[in-house]
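J.: This structure is in structure tokens; I'll ask about it shortly.
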Amino acid sequence: MANQLAHLPPLVLIFPAILYYMATGETRSASVFRRALLAGILGYTACIYWVAVPLEEQTGMHWSLAMPAPALLATYLALYAALFALGVRLMRDKLPPMLRALFAGLLWASLEFLRGTLFTGFPWAILASAFASWPAALQPLSLMGSYAYSGVMVFVICQLIEAARTRKPAPLAAGTAAIALCAAWSLFAWNTPIQTTAPVRTIMVQGNIDQGQKWVPAYQNGTVHRYVDMTHGALTNAPADLVVWPETAMPFYLQEKKEYLSLVRELVVAEKTPLLVGTPAYAAGTDGRKWNTLNRAYLLTPDGLMNSWYDKEHLVPFGEYLPFGQYLPFLEVFFEGTGEFQTSSAIHPVSYSNLALGVLICYETIFPELAQQRVEEGANLLVNISNDAWFGKTAAPEQHLHLAVLRAIEQGRYLIRSTNTGISAIVDPKGTIITRGSLFRAETVNGIAATVSRTTPYHNAFTFIHVLLIGACLSCIGYGMTRKNP
């Protein structure tokens, strides 16, 4: 994953290589697990060190509790690395070298899938995302997805280790064949023109509103006028087909602030340009609540209507809601700044004219299944609105953008990303960032996206691919358990 010191994508493969080499050496299973866990804690802590920033500054957690948080979350992520090493160790003597390397790739892919699914999921720092700055190398994502491609990379590196260890040509041939097949698909996909249906001139407005002021009522008027004025200025210089404001750009209930809603409506009607805007919202309550609080994206259309919206469905634990808060009320002492958002069933493309926007709010863009769902529902353009001000000047905004790149390639869609403090960008279906903004700078970012109607092989075989990965992994285990050692 991206960091602020150095970023050379292939170096990330050293991690699974070390785990595999250690697990296939002459070491006891318990020792392998402990060493892999420690290596994972060190590696993942270096990657997600920024977790302490939003916990301390935004949720109100005391610094003494926030500082260990990266290591605690890294310990959870490291468990999957430790399970990978343990699984390889347990199958070390039960599978021949080439099949053992195949099992390692399948196991890694399956564990990444599980990490992205269990306990609401956290598929951050997956192997494939490290290559986001090399989009040509990521073209197989449109064929197999991020998890499977991570598994292929592990398969290749493990076959090379087996080739060096056994001095036999077969593992080298298998690894080389996998590289050649991925390279062939990458060459084909990279040089195939993107088949679009209509260009979409886009303006992303990055307000750069300070997180400490954003929710203070006294600053609301200034926030609204900043976005309105920046948008008007940008449209004066260049017309657009779509304007996108970030997540909670309007930090109040826009549906009831009539004076501010009128200002925004007047802008949209006067400029004759649709606007997607993030704002909190409320609706009739469920589960005994009088009202549900929602993280919403409204689409305002040139006729002045605001009848289309999307409500965030995958909320951030400890940020937008407190897991098990109703059963463990004492947690509120440690997470006093945690929001109380709920989800709703408004999960459909936000549409106007030829636009069918598949909206992903904040970290929803890190989940492959959510982008899959948007395109399945008919989205011809993906839009991610976010507020990464939480993370400060850390590696998190760049890492977040890299994960958005994966979704664009997997689904074969342009992805528009509008953020409060950066990094706003447009990513094309091949993963190329065709325009991007800066961090912590108020600016408008212009670019041309496009609608796309075709779907990728990965999209068409989404469920089959993930079932196949886990099924093949279990089959290797079954074969190894029943095979008689030579």
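Any Cβ shown, glycine's included, is placed from N, Cα and C.
Curation does not apply to TrEMBL; its annotations are automatic.
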J.: Looking at 102-126, 352-376, which one is transmembrane segment according to TrEMBL?
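T.: That would be 102-126, per the transmembrane segment entry in TrEMBL.
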J.: For the transmembrane segment (35-52), what are the same-chain contacts with Cβ under 8 Å, counting residues 6+ beyond its ends?
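T.: Cβ under 8 Å, 6 or more out: 1, 3, 15, 18-19, 22-23, 27, 66-67, 69-71, 73-75, 77-82, 84-86, 124-125, 391-392, 394-396, 399.
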J.: Out of 6-23, 72-90, 146-164, 461-481, which stretch touches the transmembrane segment (102-126) the most, going by CB pairs under 8 Å?
T.: 146-164
J.: Can you name the far-off residues of the same chain, 6+ from the ends of the transmembrane segment (72-90), with a Cβ under 8 Å from a Cβ of it?
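T.: Sequence-remote neighbours of the transmembrane segment (72-90) are 15-16, 19-20, 22-24, 27, 29, 32-45, 47-48, 51, 100, 103-104, 107-108, 111-112, 114-115, 122, 124-125, 477.
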